[in-house]
Amino acid sequence: MTNIRKTHPLLKIINSSFVDLPAPSSLSSWWNFGSLLGVCLGVQILTGLFLAMHYTSDTATAFNSVNHICRDVNYGWLLRYLHANGASMFFICLYLHVGRGLYYGSYTYSETWNIGILLLFAVMATAFMGYVLPWGQMSFWGATVITNLLSAIPYIGTDLVQWIWGGFSVDKATLTRFFAFHFLLPFIVTALVMVHLLFLHETGSNNPTGIPSDPDMIPFHPYYTIKDILGFLVMLTALATLVLFSPDLLGDPDNYIPANPLTTPPHIKPEWYFFFAYAILRSIPNKLGGVLALVVSILILAIVPILHMSKQRSMMFRPLSQCLFWLLVAVLFTLTWIGGQPVEHPYIIIGQTASALYFLIILFLMPMTSMVENYLLKW
């Protein structure tokens, strides 16, 4: 008798995706981040759902409702900090997942890669709108500054900003619509994740060598299910440690001050996971130029497959490209640090240098290095 998991219309989809899926035998721990992102998304949706039961999206009561959740709701403080720090964990896993794709050449699966870029934008939009909801000082001013960037768009900019705000400033209408979209977007993200997996399973997984692994495949269960569960335990332990010992480590103290349109915080900045993009934005003195650089800094991922000049897919056997990749990582860490610093000397020049290096490495140095490596292979 055939196993029910192979015949049942619903179970056979799950079976072909998570049980009998043929997977390369050489996948390292860098391949754990996809499943970790799935867990992060689940944690965020669950904690967010329970927070939404107690939150009120009104400028008069939003700050107090978050206060009420932390003080009066059973384990409300735990839900709130799991949700806030869960977002940080989400982005850590997201950036490591993208980094893995860049290092091992996973971007050659163009459909999967492009859906991934869409996912990155959707998650960033969700996180930005979530940061506005507690209605603290940094929530209000962050929303004002970031949405105001759209006014740099020629001709329609000002009208577009006022349309997003629902008035002439960030106010009740803005908060209400941000809450609505913040609730909706994670479900759109979930749908995109399914499309992402659909395209991935059309081609099968890449592997660290970048060499086709068709002759050497193993079933996903039990080998990679066990490996993923270990990843879950490590990540959830790290998240629990952060939430229970220093929940405000990655937050901004200014967000414990209720939003006040009459006083501006000394340094307006977004959450830490946007610092690298914020540093690139600030490194260009022109408003429109800065906005374009900000968008291009992430959209540049879409042209990475076109810039792939190497005869090898993975960087595993390309030491020169490896050096450049780790230089790029160092540049991104530098940009993240600069994004959280005030706009003054020497941070301005460091930010501008790091921004220039970021684009230089991806657009010129990496393709040129790949061509040099191709030439060296002939020897």
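Note that Cβ sites are derived from N, Cα and C of the backbone, with glycine treated the same way.
Listed in Swiss-Prot:
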- 33-53: transmembrane segment (TRANSMEM)
- 77-98: transmembrane segment (TRANSMEM)
- H83, H182: heme b b562 binding site (BINDING)
- H97, H196: heme b b566 binding site (BINDING)
- 113-133: transmembrane segment (TRANSMEM)
- 178-198: transmembrane segment (TRANSMEM)
- H201: ubiquinone binding site (BINDING)
- 226-246: transmembrane segment (TRANSMEM)
- 288-308: transmembrane segment (TRANSMEM)
- 320-340: transmembrane segment (TRANSMEM)
- 347-367: transmembrane segment (TRANSMEM)
Residue list, the transmembrane segment (77-98) vs rest of chain: Cβ under 8 Å, 6 or more residues beyond ends.
30, 33-34, 36-37, 40-41, 43-44, 47-48, 50-51, 66, 69-71, 116, 120, 123, 127, 130, 235, 238-239, 242-243, 247, 250-251, 271-273, 301
Specify the nearest of the binding-site residues H83, H182, H201 to H97 (heme b b566 binding site), where nearness means the distance between Cα atoms.
H201
Counting other Cβ atoms within 10 Å, pick out the least crowded of the binding-site residues H83, H97, H182, H196, H201.
H201
Among 178-198, 288-308, 347-367, stretch most in contact with the transmembrane segment (33-53) (C-beta, under 8 angstroms):
178-198
In Å, rounded, how far does the Cα of the residue listed as 'ubiquinone binding site' sit from the Cα of H182 (heme b b562 binding site)?
29
State the Cα to Cα distance, in Å, between H196 (heme b b566 binding site) and H182 (heme b b562 binding site), rounded to an integer.
21
Is the transmembrane segment (288-308) packed against any residues at least 6 beyond its ends, judged by a Cβ distance under 8 Å, and which are they?
98, 102, 105, 107-108, 110, 113-114, 117, 120-121, 124, 149-150, 152-154, 276-278, 280-282, 355, 358-359, 362-363, 366-367, 370
